[in-house]
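Database features (TrEMBL):
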type	residues	note
TRANSMEM	35-57	transmembrane segment
TRANSMEM	69-87	transmembrane segment
TRANSMEM	107-128	transmembrane segment
TRANSMEM	140-163	transmembrane segment
TRANSMEM	178-201	transmembrane segment
DOMAIN	186-270	domain 'DUF6534'
REGION	320-358	region 'Disordered'
Amino acid sequence: MNVNAFNSDTIGGFDEAGAKALFAKDAKFMLQCQMASLIIDTFLAGVLLPQFITYFMYQKDDKLWTKGVVLWCSLWSFAITCYYWAYMSYLFVDCYGLWLPWLEVRWLALMPLFDVLCVCVVQSFFAYRAYLLVRRNKFIYALITALILAAAGGGIGVTIVFGSQPSLLGADKSGPTLITWTATTTAADVVIAICILWGLLQSKSGWSHTDKLVTRLIRLTFEAQLPPTFLAMAYVIEWSQTPSSLLGAVFQALQSKAYTIGLLFTLNARLTFTVSQDATKSHVTPQVYAMTDRKPTQLEVTVQQETYIHNDMYAQQNAQQQTKHAAKSDSISDYDEQHAVTNENGSRARLTSPDNMA
């Protein structure tokens, strides 16, 4: 690799005056491309960070190799962001007001290598998932693996060929390797997406709940796979038109983040699917992520007990009749007792007393 650091007065046959004349008419466009790369990459790093934290917070029991894939890709994505910051600091702080450093290739030449180290791992992860969905078809898995290896070779080739050029104007020399890199990357994404979609469509069983879940998984596949695929295609189209333009750096800045965010988006979506299934059974609105560090709210059931007095008409009538009968019995008893006393006494003169009877 030609390490053309800014330690000489000329780069690729251009001095400061020649570089200024070369970039003068496109100065605004070049600055916009570099600032767009920095802003977009930093923004996507901010999107990636909470996804990374969420994964290790809620999926601690995931497989070890899956955790390794997430950790590797995330760390490389954050490292690329730091690399962009260092590159922008070099252009706008260390070499402020100079045009000659814009011709250097030593910073941009390493970007394809960084992308390969991140993207190929993500593609390998999805390739294994596709292999499982197509019923462990080894031919499909071998085809995807060959495309991934070809993409890795193309990316490393871009780093070697482009890095050996004396200046940015020699970017067109890396055409075959760059086309190989982006074309095989796109082909691998397309094959992986087709295999996953085929496997999901074959999983439909006719049950409404299962079919609804499969539909959500298909939509998730499109959301995770299409953005990086479109980025690779856009990069090829842009490079074929303006190979020495810095607009390609914008697409390249998005590539590693797009794949890593798609990976974490897919893995974290499993939480939503799990909670949704539980919510379907319990008919409650699910809470997927805790907003604080407190424990999840337990389900509270309030039981309200009310006592009702049944008014039985027949029982009430029987009670009234018994009451009347008891009252009548009491009156009769009083009459009999009084009558008995009268018979016993006869009269107050005791004329009817047995002792006075003849």
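Residue numbers in this text run from 1 along the chain shown.
Note: Cβ is positioned from N, Cα and C throughout, glycine not excepted.
Across the domain 'DUF6534' (186-270), the model assigns an average pLDDT of 82. Among the stretches 35-57, 69-87, 107-128, 140-163, the one making the largest number of Cβ pairs under 8 Å with the transmembrane segment (178-201) is 140-163. When DSSP labels each residue, the domain 'DUF6534' (186-270) comes out as 75 helix, 0 strand, 10 coil, counted as helix, strand and coil in that order. Only sequence-distant pairs (6 or more apart) were considered; of these, at least three Cβ pairs between the transmembrane segment (69-87) and the transmembrane segment (35-57) are under 8 A, so the stretches are in contact.
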